[in-house]
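Chemist: Dropping a structure here in structure tokens format, bear with me for questions.
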Amino acid sequence: MNSENIIKVIKGKKVVINGEIKPASILIKNGIIIDIKDYSSEIKEEHEVLIEEEKLVIMGGLVDSHVHINEPGRTEWEGFLSATSAAASGGVTTIIDMPLNSSPVTTTFENLQTKIESMPGKLRVDVGLLGGIIPGNSSEISRMVLEGGVVGFKSFLVHSGIDEFPHVKEDDIQEAMNVMKKLKDEQGGRDVVMMFHAEIEEPIKEATERLQRENADPKLYDTFLKSRPRVSENIAIDKVIELTKKNMIKTHIVHLSSSDAIEAIHEAVHNDGVPITAETTYHYLYFESEQVPYGNTLYKCCPPVRESENKDLLWKAVTNGTINIIVSDHSPCTLDLKLIEQGDFMKAWGGISSLQLGLPIIWTEASKRGVPLAKLSEYMSDAPSRLVGLNDRKGSIKIGRDADFVIWDPEESFTVDQGLLMVKNKNSPYHGEKLLGVVHHTILRGNKIFSKGDQTISKIIGKRLIQTKIHTNPIYPSPTLPTIELLNSLTEQKTFFDCIHLLFEAAPPLANALFSKRPFSSYQQLIDQAYSIIQSLNESDKIQVINAHPRIGVSASQVKNSSSISYREQSCDKDSSIDQSILENLTQLNQQYESKFGFKFVVFVNGRPKNEIIPILQNRLNNNDKQKELNLGLSEMIEISKSRLLKLL
């Protein structure tokens, strides 16, 4: 049997689905979950049983939306291969890479391309990329999204730790938000998140100068803690809330440390409808400042690990939903930068390495607090994937999503040892900690990429991820159709529409009718059915269907509400080299055509030069039969869908 036609099965007595733990059989085809059946359902002889487990818990693969991979340029700190290997061994199937501390930093389209070029052959798990917002780079934002495929942006309100990634001020943020608002409008309301390291400099500077005057001991953790007061976070978060409320674009507070800011975030979201979210990290939910040993700079990070009372309040915010994301903020460095011998918290590099250990770290603490195990899937899979617009493919176990799983034992414990860690720099404050929860298997798109006891992780099948719902420039990976079986099984109209949007531009009269005509035996039958539906529509609906297509010869920005396939078919990537007189001629002819017939001109272009379209359009203008012209345009639309189908299957 062709490997693409093989259906794999994962069976478990303890499967986390829709916030519950229950028995289930999960069917997988081409790396996608195509069905979820009862555990007792019969397995067909031709099916391949990948996992059958009675004791272990099966959850959707973890999504860590805050990881510093540091490649290219600082691969002695970390790199794609070591970071994704560590992720795989920890049940993490998707990671989102921060725009620093790589060199160059990812603040321009050119630098982004440099990062992308460093990725092939090194990804054990799937990876999405963030861009950076710094003073003066707002002109790069749209291109990094629409051509580069970043899934969000990160900026600092305080010095980032490296000079090439300067922090932003209010005017810089507003300038960037103006671009983000325009981008959101062009994408039909879909937005890309702006993430903020929320500390401001003034309280930190004042506290540090006071501590210096007092000759405070830099080896005492309390000295460092006092140098990063909560008020620095609180003021910064208030400012982000203010700007988010003003501009109403999606924002996110990374690594929230100060429990003082929780109430402001809660009120902004629940009282004012501000589209802001917040995350906290493994180390803030596990460590306490009181336990940090004298001079042990492995515990240093910014913002700092705070008091036990603060930790309890962070957990309360997690369980009540104010903080809905838990991430690693994996930020490694070489041991020399930690100044271990000097033990100087004030001068050592700030950052904690924990990518591989997230599930047991959080379960160790969550289990003590009575947090249901199934909630971990929301905190560590669903919410992070939603943050970066990948929840159509990533997150908890759901039909239509990638077949990504972590299979683990929540009752088994282990002691952290450097020999277990797969990151490049293995020094960690978790060394020697006894944690609850052991990962036994990690599955990526239906492929086993890690098993306990096998430290090789031989498969390199990770991919770079982009947001499929933001249709853009053709340097993106080609879009793909789900199997016809999966399409038939979709129960949500919106998901169905998103799929057939690759064949037909979004037009409700056609999409609604097709949804009601399921199941289809093949995509060819679906297209044939679409043609029959179109022929039966009234004139108004026919015009709505044909007007869903972009105009021939429009600029790249005007195609962005249409599908990415439409973008390629019209050769928009070559627009910059086209004679402007040709585009002007096409614009005039389009206007004449629409004025005469009352709908858009549609022709099967498929990459032909635009100058070859002009005589076709001129000839069609000579047609005086509106109905004949309308039917001709719709027939061309069907030919377009047939051509697309050949490319997509």
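Cβ from N, Cα, C; glycine included.
The model shown is predicted, which means the values in this text are computed figures rather than measured ones.
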Chemist: Name the residue, out of D272, D312, D329, that Swiss-Prot lists for the same Zn(2+) 1 site as H66, H68, K154, please.
Modeler: D329
Chemist: Under 8 Å between C-beta atoms and at least six apart in sequence, can you list the same-chain neighbours of K154 (Zn(2+) 1 binding site), or say none if there are none?
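Modeler: Listed in sequence order: M98, P99, L100, L130, G131, G132, I133, M195, F196, H197, V254.
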Chemist: What is the set of residues, excluding K154, H197, H255, whose C-beta falls within 8 angstroms of the centroid of the C-beta atoms at the Zn(2+) 2 site?
Modeler: H66, M98, F156, M195, F196, A198, V254, D329
Chemist: 10 Å Cβ neighbour count around H66 (Zn(2+) 1 binding site)?
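Modeler: Its Cβ shell of radius 10 Å holds 26 other Cβ atoms.
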Chemist: Around the Zn(2+) 1 site formed by H66, H68, K154, D329, list the extra residues of the same chain whose Cβ is within 8 Å of the site's Cβ centroid.
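Modeler: Counting only non-site residues, the set is V67, M98, V254, H255, V327, H330, S331.
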Chemist: Using DSSP reduced to three states, classify H255 (Zn(2+) 2 binding site) as helix, strand or coil.
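Modeler: It is coil.
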Chemist: Please list residues from the chain of D329 (Zn(2+) 1 binding site) whose Cβ is under 8 angstroms from its Cβ, counting only those at least six apart in sequence.
Modeler: H66, V67, H68, V254, H255, T281, Y282, H283, C301, G351, I352, S354
